[in-house]
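Annotated features in TrEMBL:
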type     : residues : note
DOMAIN   : 254-341  : domain 'Histidine kinase/HSP90-like ATPase'
TRANSMEM : 12-29    : transmembrane segment
TRANSMEM : 35-58    : transmembrane segment
TRANSMEM : 78-95    : transmembrane segment
TRANSMEM : 115-133  : transmembrane segment
Amino acid sequence: MSEFVPVKSINDWLWIGLGILFLIVYILVNEVDHWLPVTIPLELAIAGIFSIFALNNYMIIYPGWQVPFILARFPRKYFRWFAAAFYLIIFVSLWRVNQLHPGIININNPDMFNLIFPLVSPIISYTVSRSVIHQRQLRQTNRRLQAIVRRGERERIARDLHDTLGQSFSMITLKTELAKKLLVKAPDRVAQELDDIAQTSRDDLQLVRSIVNDLHQQSLSEMMLMQGKNLAEANVVLLTSGESEAAEWPTKVQIRLSAVISEAITNVIRHAHAHQVEMIFEQNPNGYLVEIQDDGHSKSYKRTGSNGISGMQQRMKEVNGTFTINHNRQGTQVSLTLPKEQLSQ
């Protein structure tokens, strides 16, 4: 831009205005994902105008680094389209330079080495971004597997409880009932206590069975591991926040939320046409919150009473929780809340 300052003509003002527009679009590409289908082509077009008509190949470096880093979250075809347009602009720019200055494009010109950086920028940026995403997903998968391993240890303990305490409580029940029949000579002194012991043992046995049954249900980590694979197969990037903390939530909470989240993600894969899903897990003094935001554009997915939505609403309503689904500028957002007091019921 320095070649247009100080301003000498109306053309200089036009180039400066175009440069300011480029800066605005560059910021929008970073900040507003929903406008990417418009802002990315516009940014590349402005950089192309500078490259071809102002013979400025430095501005093209900015979209060359920025855009591929963002497109790494989306299917590869979008990067291919961008790369084709990017290299076409550079080719046309070099052809025009050679037309204006015949013979300047040759290997002996030291300025040719300045083209290396713009040429490799998209490839390096895309590769680095894909690597970052892959490493993030790998770390998240490892955390899920670790949570499942811890869960496996809890299941072993649950089996031990069932095999030992369960059998012991069964024997106590039989012995107390037998003692109740045998000790008929002093019913006023023994019968009531034996009734209490028998009832307590039955309650404890039922509690152990309930614990074992809960532990056999799908935890959040197991559900996220499975759905993460499903999203990856559908070329949808999964981003999460607070997942590690959510893996420590009470079992009943995890079981209830896992079923609803699994159905919501299935709807994203089938109907949302999304490229990215972001999930946020939060806990506050009143309860638990999960938000699922995709960048899709499905209208059928948000329609109440369709695609299993009524079933998800019913699941949350059964435990005094809430299920809401809305369509915003980014895509579709699903919010789940579950009150803590429900756990004691």
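Cβ from N, Cα, C; glycine included.
Because the structure is a prediction, the values reported are computed rather than measured.
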Selection from 12-29, 35-58, 78-95, the stretch that has most Cβ pairs under 8 A to the transmembrane segment (115-133): 78-95
Remote residues contacting the transmembrane segment (35-58) - C-beta distance under 8 A, at least 6 residues beyond either end: 3, 15, 18-19, 21-22, 25-26, 28-29, 66-67, 70-71, 82, 85-86, 89-90, 92-93, 96-97, 100, 114-115, 118
Residues of the domain 'Histidine kinase/HSP90-like ATPase' (254-341) by DSSP state, where helix covers H, G and I: 30 helix, 31 strand, 27 coil
Mean of the pLDDT scores, which run from 0 to 100, over the domain 'Histidine kinase/HSP90-like ATPase' (254-341): 86
Intrachain residues whose Cβ lies under 8 Å of the transmembrane segment (12-29), provided they are six or more past its termini: 1, 4-5, 35-36, 39-40, 42-43, 46-47, 49-50, 54, 59, 62-63, 66-67, 70
